[in-house]
Amino acid sequence: QAFTASEPDVVAAGGVDAAVYLVFLSSMFAILAFAGIVLLPVLLPIAGTDNALEDSTGRMPPNVTHFEILSLANIEDRSMRLWAFISAVYWVSFVTYFILWRSYKHVSNLRAAARSTSGVKPQEFAMLVRDVPIPPPDQTIKDSVDSYFRALHPDTFYKAMVVTDITKADKIFQEIEGHKRKIAHAEAVYAESKTANRSEGTRPTHKTGFLGLIGKKVDTIEYCNEQIKDFLPKLEDERKSALSEKQQRAAFVFFNSRAAAASASQTLHAQMFDEWTVAEAPEPREVIWANLPRKIYDRHTRQTVVYLIVFVTVAFYMIPITAISAVTTLEKLREKLPFLKVVVDQPFVKTVLQAYLPQIALIVFLAVLPTLLVSLSKSEGIPSQSHVVRAASGKYFYFIVFNVFIGYAIGSSLFSALEKVIKNPPGIFMTLATRLPGNATFFFTFVALRCFVGYGLELSRLVPLIIFHLKRKYQCKTEEEVRAAWVPGNLRYNTRVPNDMLIVTIVLCYSVITPLILPFGVAYFALGWLIAKNQACMAS
């Protein structure tokens, strides 16, 4: 079903973002596939029939892998065969630019089609206004916003909604919703307790103290109904108070047409850059309300601090990543931890550790980072969840490219030839040039591990399946609770897109040096396209 689903089906199930992401995956698949059609049959025979890696006896040293024999490392200096590899660089570049151009046109048309649908979306008729100036004493912020935009857009202005501080009202609302859920749960438990022998059943009870462990014991259904009756008047009073007394310096301005809203959101509305700043309105469910009233100076300060923290994080992580690349090899483990020799010398254990130990250590080490970057991006003052995801994606991409790709490639090369670099510092570039092809083995297994293990776990959803059945057995009593426990969640673009971009970077950079990496990249994006399409359709 996922394979045969059309693009409109994906848009209907997962939104335009999911469709654009699938276009990205299919584009990367096409780039690597067309590059491989030429590079594999041309460069592999050229590299494999040269003898730059042979020793003085005309034999290959035992530490030379097959990957190195079929790579640029096996081409002799100043050989005419180098022209084939230089031409391959131009071919890969042409294929990349051409397919990206076609994909950009497709995405542009896809977005235009989504924006021109007949369905009414409130954000398409609105714009977000921030940094509203302090109004005169005889005006409220809403009066100021209404008069200002009615004067600037007399024919298209419809209305303005000022952002208010509803922290207390929202807290009361969440309390009411929580009591409603408790009532539904308690009624389901009460219904289950009614049997043929005990038609009256057992009414659920709980204690009102800390975590339900201490305090007075009460009837859950009656207690929650009483709490809701007490909270409703408080909620109404707090709403009225917020609308009249807690207006903030941000608003949503609505227009009577999409074109007017789009035009206004791209127009300067004041001579001073720190007043009446405007932007396209996000979807209502995407808005981060706490960030809307933040002043422009506050936002810029926060952004600078966050970038500084991210820079320090990248620099800090560089040290352990480099250490992992140098230490988590089988030889280093046997040398530093002699007591492990008995285990690591077993043939099966030795094969597994030699192939996957550094990669698994690296993946686990990076697992905690995305949550940190999302929190940092949200603290910048960004107005919507989608923009937070995009900002976190950019930070995560720079991080993994710098640390995983550049850090491992350069770190392992320098560690293996540290003495030579110390004796001859200017020769560091020649050392890197000769040793980088040898790192291809790590990236081969890294891409393969992400492809076959990572996608396999995502498709199986084994952990969510176990959690769902535990919740269904011990926690879920209503249909709403069962649906909430089984909700598939979003596609996690903040980690998915950067990881895909990392694979693209690795495969493109090594495509000419070691063309054998191209089939792994093709398999990664082909499988990724199918699984992402399945997950997007399942989200409906």
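Backbone N, Cα and C define each Cβ position, glycine as well.
Automated prediction, rather than curation, is the source of TrEMBL annotations.
Listed in TrEMBL for this protein:
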- 2-102: domain 'CSC1/OSCA1-like N-terminal transmembrane' (DOMAIN)
- 20-44: transmembrane segment (TRANSMEM)
- 82-101: transmembrane segment (TRANSMEM)
- 125-291: domain 'CSC1/OSCA1-like cytosolic' (DOMAIN)
- 302-537: domain 'CSC1/OSCA1-like 7TM region' (DOMAIN)
- 304-327: transmembrane segment (TRANSMEM)
- 356-376: transmembrane segment (TRANSMEM)
- 396-418: transmembrane segment (TRANSMEM)
- 438-457: transmembrane segment (TRANSMEM)
- 502-532: transmembrane segment (TRANSMEM)
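Among residues of the same chain six or more beyond the transmembrane segment (20-44), those with a C-beta under 8 A of the stretch's C-beta atoms are 7, 10, 70, 84-85, 88, 91-92, 95-96, 99-100, 102-103, 106-107, 110-111, 491, 493, 496-497, 500, 504, 507-508, 511-512, 515-516, 518-519, 521-522, 525-526, 528-529, 532-533, 536. Within its own chain, the transmembrane segment (502-532) has Cβ neighbours under 8 Å at 2-3, 18, 21-22, 25-26, 28-29, 31-33, 35-36, 39-40, 43-44, 67, 70-73, 85, 88-89, 92, 96, 397, 400-401, 404-405, 436-437, 440, 443-444, 446-448, 450-452, 455, 458-459, 491, 496, counting only residues six or more beyond its boundaries. With DSSP classes pooled into helix, strand and coil, the tally for the domain 'CSC1/OSCA1-like N-terminal transmembrane' (2-102) is 70 helix, 0 strand, 31 coil. Confidence annotation: the domain 'CSC1/OSCA1-like cytosolic' (125-291) carries a mean pLDDT of 87 in the model.
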